[in-house]
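Novice: Can you read through this structure? Questions will come right after.
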Amino acid sequence: MRASKDLDIELKLLLDAIYLKYHYDFRGYAMASLKRRMTLAADHFGCPTLSHLQGRLIHEPDLFPELLNYLTVQVSEMFRDPSYFRSLRESVVPLLRTYPSLKVWVAGCSTGEEVYSLAILLREEGLLERTLIYATDINTQALQKAEAGVYAVDRIAAFTQNHSQSGASASLSDYYTAAYGNAVFDRTLKKHIVFSDHSLATDSVFAEVQLLSCRNVLIYFNRELQERALGLFKDSLCRRGFLGLGARESLRFSQHASAFSSLVWEDRLFQKG
Amino acid sequence: MDFESLRGRIDAVVVGASAGGVDALVTVLPSLPRAFRPSVLVVIHQPRERRSMLVDIFSARCALPVREAQDKEPVQPGTLYFAPPDYHLLVDEGPSLALSADDPVLFSRPSIDVLFESAADVYGHRLAGLILTGANSDGARGLAAVRDAGGVTLVQRPDTAHVATMPAAALARGPADFVLSLEQIADLLRRVGGGHEG
Ligand SMILES: C[S@@+](CC[C@H](N)C(=O)[O-])C[C@H]1O[C@@H](n2cnc3c(N)ncnc32)[C@H](O)[C@@H]1O
């Protein structure tokens, strides 16, 4: 018990130091998994304790970008949970068609898999030409990869399977070219995407959108920070706008729950108002 | 360790199982009485399907309420929670449940180690950890964390397990307080969890 209390103190101090030095605010994250990742990071950097890691972070700013890959979790996949995308096609797209122009926000887009999935889906549904997608994240390395839109070919089989289960009419191979062990996604998709650094913990609303997809990001936040993020989502969505969350996320414990109705509960699709 | 000293001390039981795990759990969990007080958190390795059958299978058989763990849900006493497929289950302050989509650990998501280590951190000596049948070594580290935090460690006797690898790996990492057959495990849990005649 003693040892773990010390670890809690060290973690708190480390997060304070990161906030003061780098202005990234992880103080409102879910602590159990963050603690686990910071312990792995300390191992990786050869630091016997989180206090050592804190000292090095203050004096060696070059370490921070690498640490950011422990503070955040870059696990993603194209058309992850195919039924989410199928429900988007079936229950959301028909209503999106009624707008002359569309804005979509993918919050916590990681290395871009979810953004390209949405862009492909919107192209297949004939909506991409009138759409602008904002793709945001706090991890700038991830954002750079997202912007490049290049994925190792050994991941493509899984993406292809997900894509076809999402109710797609075409083949995923229509949207990339293979080169040197990589799949390079179609540039014309990218024309409709703006990538930018934006934190749900510290930044504010920047646009009004009709669809907002934020998947597997809120689970990393504590309840207070979830409330902040959901408040941003509520303010950013237009009247009757759509919100999609991760397969195991919900509004159940939120004060903002009453601002949304559930559209397809199984796939965590909600509608404002 | 005798179990009289454990009675009333245990707030939560964490359980890890892999190959053969559903059958093993069917022997243990339905025998827990309605008045069983500790919370029971279970990670069982299963295929990565989005909807899991575990809740259906066990709510039909168990006296205790059975749920799939939800993120940020406060942990209730006398309730069985299963980790959802493809997410890690952790215990956070509160105690409350937390899910994460972090990388698999030892090829497993949910990971037994991740659940046990986080639970040991929150519950300390008020935790019991139980490793059942399985074909890999997930849980060995986690059970060591339970032991280091002063919790109670239970391992299914490897020669009674459908696949002995997982309990054997847990024992290779360090001694357990109890190494028992499934029936004995069920009996011990009933005694320490209260709610039985007496
Ligand atoms: C597990 S990934 C989810 C990727 C994708 N949405 C999906 O479901 O496949 C979580 C992402 O959230 C990002 N993230 C973490 N904290 C954030 C914050 N405060 N604001 C915006 N993004 C954040 C991480 O950098 C990471 O890229």
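Using the three backbone atoms N, Cα and C, a Cβ is placed for every residue, glycine included.
The active site annotation in TrEMBL covers B:Ser18, B:His45, B:Asp138. Annotated domain 'CheB-type methylesterase' per TrEMBL: B:13-186, in sequence order.
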Novice: Who sits close to B:Ser18 (active site): which same-chain residues at least 6 apart have their Cβ under 8 Å from its Cβ?
Specialist: B:Ile44, B:His45, B:Ser108, B:Ile112, B:Thr133, B:Gly134, B:Ala135, B:Asn136, B:Asp138, B:Val163, B:Met166
Novice: Neighbour count first, Cβ atoms within 10 Å, every protein chain included; then name which of B:His45, B:Asp138 tops the list of active-site residues.
Specialist: B:Asp138
Novice: Mean pLDDT over the domain 'CheB-type methylesterase' (B:13-186): what is the value?
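Specialist: The predicted confidence over the domain 'CheB-type methylesterase' (B:13-186), as a mean pLDDT, is 96.
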Novice: Per DSSP, B:Ser18 (active site) is which: helix, strand or coil?
Specialist: coil
Novice: Using DSSP, would you call B:Asp138 (active site) helix, strand or coil?
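Specialist: The residue in question, B:Asp138 (active site), is coil (DSSP, three-state).
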